[in-house]
């Protein structure tokens, strides 16, 4: 039996280590960068060690459980634990945050605060993925918004305050519904609050009340995922934020919404999820086609990639709505896959902007010759995004397709229509991505312009791009690496489902 509080250490270490940044000398930018990167690497190694040596893959139950009475007066517990559903997002968080910190190397203004906020965000995200108490989940969910808001409002483009305000209004509005759902579930049927995930999972509710809870949680997670029509904060936010912040937003923040849908809506409220799943699939299909079509019309490079993120999140929603082993496994794989690909595309868009200082695609052109390394990595990762075989995106989308086809919930004709419409969405993806590559890298505009000498990727930027590319290709060739983490937990969720 392992008694060391691994998860508490992993959750609190980044923020407490980040507080030490404020005691560093004022002119120590380089020292602060290296310190932050070392903290992120150490945290990732610590997490990996704990999972490798203390986590059993074939056990679908919660592992590394920690349960401490935190505030006795409110009967509030510090409950942490992981299972096959949360281990993937936690490792993804560690990996992307470490690379985002390395990507933020050029940030010199208020770098002490910048790196502290990144580490605070790291703690909040791991806390959200490992919380086993509804109120603790809500606190971590909210805590993580503060550093995101400050990162958006202090570093970025000219309209950064507008986009940060829009982000906080949307997410705070969604959080009201989340809090109401948490309190409703916690206080239902007893005088004392029962906020434990395990107790709540075994609780049954009147169907009307369960639907109300489901809608509340769905709105909160739809804002974060984002699900249309609550997605409009995302393009503005990505368009203005610094690219290291965009990596965290696209790589981890959006995945928290999808994780919440599975962890709370699907696991705790199965009857309501069974009723709403056809609507989730309809919304997912509309989202894939709408966001892909809208992306094609975007002049702004980062907004085009942001809409592609919205489109790819549609596959996750369809996988969750399919109520099948294959579909849910595909959704979890897409969460991991898009975490890597989305972060990589925003990083490469940011490094391109650092050189040419242009965001509008119709002003670019001919960049392939002066910056061939960026061109090569951008092209390969765009292919991963449009689901080229051999890349993680292809496997994830294909398995979501199989999930819909093999689902027992829907009639054959319905499944054929869903598959056909999804296929149309997949055809639209290469249109906006290949068009983006053509406008940026081909042609003659910038190559023939005066003073058109640009530095290509340095070792740091190449390291970040290749570090993301390796798992994208690795998962594409051997997806069982991700499935081995989640498959038992998915079976447990769905067996509980059909048993009811």
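Along the chain as shown, the residues are counted starting at 1.
Glycine is no exception: its Cβ is also placed from the backbone N, Cα and C atoms.
Now, the feature entries from Swiss-Prot:
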TRANSMEM  4-24  transmembrane segment
TRANSMEM  87-107  transmembrane segment
TRANSMEM  134-154  transmembrane segment
TRANSMEM  167-187  transmembrane segment
TRANSMEM  207-227  transmembrane segment
TRANSMEM  242-262  transmembrane segment
TRANSMEM  272-292  transmembrane segment
TRANSMEM  305-325  transmembrane segment
TRANSMEM  330-350  transmembrane segment
TRANSMEM  364-384  transmembrane segment
TRANSMEM  386-406  transmembrane segment
TRANSMEM  417-437  transmembrane segment
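Remote same-chain residues near the transmembrane segment (134-154) are listed as 76-80, 110, 113-114, 117-118, 120-121, 123-125, 127-128, 160-161, 163-165, 167-168, 171-172, 175, 178-179, 182, 185-186, 193, 195-197, 200, 237, 240-242, 245, 248-249, 253, 256, 260, 264 (criterion: CB distance under 8 Å, separation of at least six residues from the stretch ends).
At the 8 Å Cβ threshold, with sequence separation of at least 6, the transmembrane segment (272-292) lacks contact with the transmembrane segment (167-187), having fewer than 3 such pairs. Ranked by number of Cβ pairs under 8 Å to the transmembrane segment (417-437), the listed stretches 4-24, 87-107, 167-187, 242-262, 305-325 are led by 305-325. Residues of the same chain lying 6 or more positions beyond the ends of the transmembrane segment (207-227) and with a Cβ under 8 Å from any Cβ of it are 170-171, 173-175, 177-178, 180-181, 184-185, 188, 233-234, 253-254, 256-258, 260-261, 264-265, 269, 271-273, 275-276, 283, 287, 310, 313, 316-317. The largest share of C-beta pairs under 8 angstroms with the transmembrane segment (87-107) comes from 242-262, of the ranges 167-187, 242-262, 305-325. For the transmembrane segment (305-325), the list of distant contacts is 225-228, 231, 234-235, 237-239, 250, 254, 258, 261-262, 266, 273-274, 276-281, 283-288, 291-292, 294-295, 298, 331-332, 334-335, 338, 341-342, 345-346, 349, 385, 393, 396-397, 399-400, 403-404, 406-409, 418, 422, 425, 428-429, 432-433, 436, 487, 490-491, 494, 497: same-chain residues at least six beyond its ends, Cβ to Cβ under 8 Å.
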